[in-house]
Amino acid sequence: MDTLTNSQDYSNVDLSLESLAEELYNIQSFNKDVILDSFDIDDYDHTQLDTTIDFNKFKIGLTILKISSKGKPQKKKLIFDLARNQIVCGKKKKVNFSEIDEIRVGHKTNIFNQFKSSKNLKEDIESIQQSFSILFSGNLRKTMDFVCSDIPERRQIVSALYHVVQESKSVNNEYNFVKREWDRVGKDSIDFSTLKKILARLNFTTSDAVLHNLMKFSDSNSDYHLDFSEFSNLLKLLRSHPEMKPVFYKYNGGNGEWVPIQGMIDFFRIEQSEVWTVEQCRDLIKKYHHERLDCISFENFEEFICGEANLAQYPHTSTVYQDTSKPLSYYFINSSHNTYLSGHQLKGLSTSEMYTNTLRQGCKCVELDVWDGNDGDPIIFHGNTLTSQIKFSHVCETIKARGFETSPYPVILSLEVHCSVPQQIMMANHMKEIFGEMLPTPLPEGTKELPTLDSLKYKILLKGHTSHTHVSAVGNSSASSSQSNIQTDDNDDDGAVDLTEYDEVDDRSASSSSSSFSLSFGSSGKKKKITKIKIAPEFEELIYLVSHGFKSGNTTKEIPSYKIHSLVEEKVKQLVQSEPREVVEASQNHLLRVYPRGTRFDSSNFDPMPGWSIGCQLAALNQQTSSEPMWINDGMFSDNGGCGYVLKPPCLLPGECETYDPTSPERIKSSKYSRLIVNVISARQLPKYTKSTKGEVIDPYVTLSIVGTHFDQKVEKTKVIDNNGFNPHWGEEFEFPLYNSQLSMLLIRVDDKDKVGHNRIGHHCIRVENIRPGYRILKLKNNFNRTIPLANLLCKFTFVE
């Protein structure tokens, strides 16, 4: 006998065909508002729609100059396809309105910056004011760049596009999803075979008999076809959560299909560990415009469970709620390595757009690898490689414009300077001119404590070498050298492709000249001659955080607080075992930065947790690379409003750090929880992995990992659900012991198990102590840390203190 997929019961689901299809899908859009950047070009308000705009001309299309990737203006027809919710440029270029992240007025993209001095592209004021760009596709930051015939035309196009995109993002996401699938059919109604194809495309398959029953159930006029409303109802049926019915009926007090207010109060208290008042319950019922205000239906209850108000992470963590009056060293700081690279370390594209992306994601420490430019103006690129080059001044302008969009807290520039003295002076002039009062006065010599986070709002802190920087000698080891010869980054040249290892040397081995420091640019494991580069006083006087070689935690405690250590990832692993307490104590007043080993040519990442576990504030990751280390980093810095600074837990701060040992099997006394129990219930609308075979339906499974200190490491997996990515159901429970819940993270990833291996679908990472107990929704994220529309996981979380 045929049954519904995963034995789910779809009986008693309200499928009233009288309601409008729009009302069936009322979860808020997961998309962020489009960013409009026009403030420095003109004072025209594009957000106020010009009532004289004729949208018909945009539907028909208008001729415009599009700048190609080679900087050549080409005449193209620009069309707003409102039926398909996309913008069309020429015959091939199509972008969904909902995928557009930003509209920029002027010459503000890599295309414009790269070609604005060419013969094809004018750089006069009028040309700039006639130009605009569309940025889309998430972190890939693809662009379409245009020049209009005049300023009024540009204003009309940008204003119209802004409103169309905003409307597309604000219209209910689920309704958009159903409408999009329906529009792809191009018919007024669909038959059984078409329905089967659509559902397969949506990752749902079942037997023909079950699908016939589903279609019959939704076919209100029994004509063996489904119109849009009937199709909407069928998808609503498949998206429902019948597995929540036993929980619902547990609190109905004998009221059949309704749970009274007292039952709601009991549900929130017992299942969700929340205290709700009668008035709050009534407000919740009112939200769904129900005719009764004394009880809630299962449909509305289910809608709440799967909605924005029931996400797994505590709502207050989406704001800056932590104490920001502590010294800078008390915070974990969201940090980037080789920020300018969009890909491979040896041949990738260097782009200022990566700084925009990284800063908008909440990153507060970015890296600039600066070299002499052929025209006398410093450039940024990955030295001695085939990576492309960008102007240092352009990056500074980007940092000033974007550095404080997510929060007012300071931005740290990690400067890897390989320039001659004249171009160092040029660097200093650029920074003084562009940053101005954002550059704070360097700290006095005897500083024992760094300034508070609050006192450094809107400041740009320069990290780099001074004439007193410790000089390193080059060892004769190769890239695979022993642990005793680990690079400690005395000269902090982690930005260059350098497989040479460094040993610390005594100050006496430094050059007698106090105005030089040493850099090695070797790309092999052989001994290289040290190159000495003089430091310009004009540059040196701007340095706020002075790079300094690390010897030991105890030694660090004796030097001024403005001196910062950079440690290669292997060194950190060594310190976790050899002197964890000393490093934790040193991190009370000093910043410690961890960076990837030089052999990570593919821009892969290291696990940031070992560094965090001993107090290292900055884990400099290749943020252009999506992998578990970056997901863990995103989970950490989704806390405290995503401002880029997260207060270190008590075990790493004065009062507890003196007795803290991350390698001890003893449970931390201040750990809030001793156990976490996770029931993985079900998922909805899991997308196909991009490399999946065309037409196949995914077979999803869930992996749960606790990531923390040495003893907080455990991985569990659910069973595989065959041929169902639309509404898979697991109902599996897992238990995780916790030794230090302050630092522990829960990483959940969903994968497709197929014949060729594991295919990633989505993930979600969250700090354990930020998880709300009870039945909660986790939104799944893609490789770019963007929420996947409509894809979510329903879990129940239980904590034992």
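Sequential numbering from 1, following the chain as shown.
The backbone N, Cα and C atoms fix where each Cβ goes, glycine too.
Here is what Swiss-Prot records for this protein:
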- 206-241: domain 'EF-hand' (DOMAIN)
- 322-464: domain 'PI-PLC X-box' (DOMAIN)
- Asp490, Asp492, Asp494, Glu501: Ca(2+) binding site (BINDING)
- Ser524: phosphoserine (MOD_RES)
- Thr531: phosphothreonine (MOD_RES)
- 542-652: domain 'PI-PLC Y-box' (DOMAIN)
- 656-781: domain 'C2' (DOMAIN)
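In the predicted model, the domain 'EF-hand' (206-241) shows an average pLDDT of 85. DSSP assignment over the domain 'PI-PLC Y-box' (542-652) gives 42 helix, 20 strand, 49 coil. Counting residues of the domain 'EF-hand' (206-241) by DSSP class, helix then strand then coil, yields 23 helix, 1 strand, 12 coil. As a summary of secondary structure, the domain 'C2' (656-781) carries 6 helix, 63 strand, 57 coil according to DSSP. For the domain 'PI-PLC X-box' (322-464), the DSSP-based tally of helix, strand and coil residues reads 43 helix, 33 strand, 67 coil.
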